Amino acid sequence: MATYARSVRRGLPRVSGGEPWPPAGSAPVADAAAARVADEAAETPTADVVTPRTESGTTPSAESATPAPASTTAGDAAASHPASTPATATRRGLPRTPGGEPWPPASTGPARAESAASAEHRPDPEVATPAAASAAQSVDPGAPTRVSAPVAASIPLTGAVRRGLPRAAGEDAWPPAETTPAPRAALPLRRTARVGPDDDLAPQSRRANAVSASSEPEPTPASAPATPAPAATVATPEASRPPLAERPLAHAGVARRPAPRPEPARIGPFTKAQWAGVIVLGGGAILYAAAMAVLAVRWILSLEPLQDFLATYPGEYHLPEGAPVGFPAWLNWSHFFNAFFMVLIIRTGLQVRSEKRPAAMWISKKDRKRRMSLTLWLHQALDILWLANGLIFVVLLFATGQWMRVIPTSWEVFPNALSAALQYVSLDWPTENGWVNYNALQQLAYFTTIFLAAPVAALTGYRMSAMWPKQAATLNRVYPVEWARKLHFPTMLYFVAFIAVHVLLVLSTGALRNLNHMYAAQGSTDPDAYADNWTGFWLFALSIAVIVAAYVAMRPLVVAPIARLFGEVKSR
């Protein structure tokens, strides 16, 4: 592999108008350190050479003091090895000017080690020291011994410096052509010889010895001419590298930043813990406000003017002559279907608002371009059924005269409604008989739900549905879809609040009597006639079971077969 010379990269000057820093003659820190290591290694370089086994009448110290020709041969082999490295051409890049030749020029070549010069500067081999000779005496006479010999300290390198862009416009390339690279020290070679049989060596050591022995020439015989010396095993070790370590990103004195904690899951704008806190604090605040309201209203009703007001307006007024008494069967069935569809409509409406990736899509048979999610199709189908039930209810309401129960027929409804509200807040609730008539506050609530909230929900839902004519520019301008979106959801919240308050009052103002009126069509002008009858309660429980079963069954697996009767259903 070709070895290129290295030079110090020079930067901006230290003072204004000065030369670039560092000076041109400075050597890289890594090269200086390598040269220092090579100088230290050159002071005591050794090569282990195997000497023949000593005879019984020969003194080991005298034989070890005699220089062995094998060490010289090993040094020559080490000196001649770098010369066989082939030269490598310089990699050329883009030209410096348009239309010019690639840079650097073809005449510029990489630095190459001169094996002849390095061989001339190599020191002569030396014989083993007395310490080595004395150490050889302690070795088994039948095993080979080690003799030290010096090796080359460094290999001088020559070559041209790679030049880059000029420092200023119009000047020559930097650094100048006469810049000479600093010499690089060669790593010292370590020669090892085997001591003992081959069985004591690891398999990796045997393979390394075999490769090194094949690349070295045959050593010359030692001082004993009768017995030839074994071939010296020369191993070329790789440069020792430090173990890989993680590079710290910050100063040792700076503490590492801890990993960020995962963001807690949110339900809407708050986390679960925050919602728990809102419920606890909000519930406590509501209970406190309710208690204060009850105490305040009771104190107000204890005053004489308010007592006269309650006597004049007890909370209800008499219906016109000819008003029907009691509830027909169709009214009970309409009431059940209204509750059934309303619960499912609210559920599917909330699913449509929160659904991001529908599980299935519904495609119309008549218009293939008309498609929607299966949940939205179910929501609109339930809306149509709810509207059909409402239309039948309104028609029968006016046909049978039951409208007088839910539509105010006198202005007395408003003061009576205020009186009923005060009685509810004071927990001294009015005791009207719903089989005959409702109190004024109930009448206003039913009128608002049937004739105001229901039409608003229907009109806003129709505006947002796929049944709205898209090409009607005048209708779209008069009734924009943004208005429908702003009104539809608050209307749903009103229905939820109405259902909750309605069920609470039914169960808290004579549950069995009220359930008999609404589900069993049983009642009397006597308020206590059906106070102990459980028929209405069991019918109410059965209706709740049907609603819960339908609520659970509203899944794509159940809805898809029904939707395929009116179009095509494709699952994702």
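Each residue, glycine too, has its Cβ placed from N, Cα and C.
The compositional bias 'Low complexity' annotation in TrEMBL covers 26-36 (among others).
Look at TrEMBL and you will find 54-90 (among others) tagged as compositional bias 'Low complexity'.
The compositional bias 'Low complexity' annotation in TrEMBL covers 175-190 (among others).
The compositional bias 'Low complexity' annotation in TrEMBL covers 210-239 (among others).
Mean pLDDT for the domain 'Cytochrome b561 bacterial/Ni-hydrogenase' (327-513) in this predicted model: 91. The domain 'Cytochrome b561 bacterial/Ni-hydrogenase' annotation in TrEMBL covers 327-513.
Per TrEMBL, the feature region 'Disordered' maps to 1-267.
Annotation source TrEMBL lists transmembrane segment at 275-301 (among others). Proximity of distant same-chain residues to the transmembrane segment (275-301), defined by a Cβ-Cβ separation under 8 Å and at least 6 residues beyond the stretch ends, is recorded for 267, 307, 310, 422, 425-428.
Among the features that TrEMBL reports, transmembrane segment is placed at 333-353 (among others). Long-range contacts of the transmembrane segment (333-353) within its own chain (CB-CB distance under 8 A, at least 6 residues past either end) are made by residues 373, 375-376, 378-379, 382-383, 385-386, 389-390, 392-393, 396, 489, 492, 495-496, 499, 518-519, 543, 546-547, 550-551, 554.
Under the heading transmembrane segment, TrEMBL lists 374-399 (among others). Outside the transmembrane segment (374-399), and at least 6 residues removed from its termini, the chain residues within Cβ reach (under 8 Å) are 330-331, 334, 337-338, 341-342, 344-345, 348-349, 351-352, 355, 358-362, 406, 450, 454, 458, 461, 465-467, 554, 556, 559-560, 563, 567, 569.
Positions annotated as transmembrane segment by TrEMBL: 444-462 (among others). Residues 380, 383, 387, 390, 394, 405-408, 413, 417, 438, 468, 483-485, 487-488, 491-492, 494-495, 498, 502 of the same chain sit 6 or more residues outside the transmembrane segment (444-462) yet have a Cβ under 8 Å from a Cβ within it.
What TrEMBL lists as transmembrane segment is 493-515 (among others).
Under the heading transmembrane segment, TrEMBL lists 535-554 (among others). Away from its own ends, the transmembrane segment (535-554) comes close to residues 336, 339-340, 343-344, 347-348, 378, 511-512, 514-520, 522 of its chain (Cβ-Cβ under 8 Å, at least six residues beyond either end).
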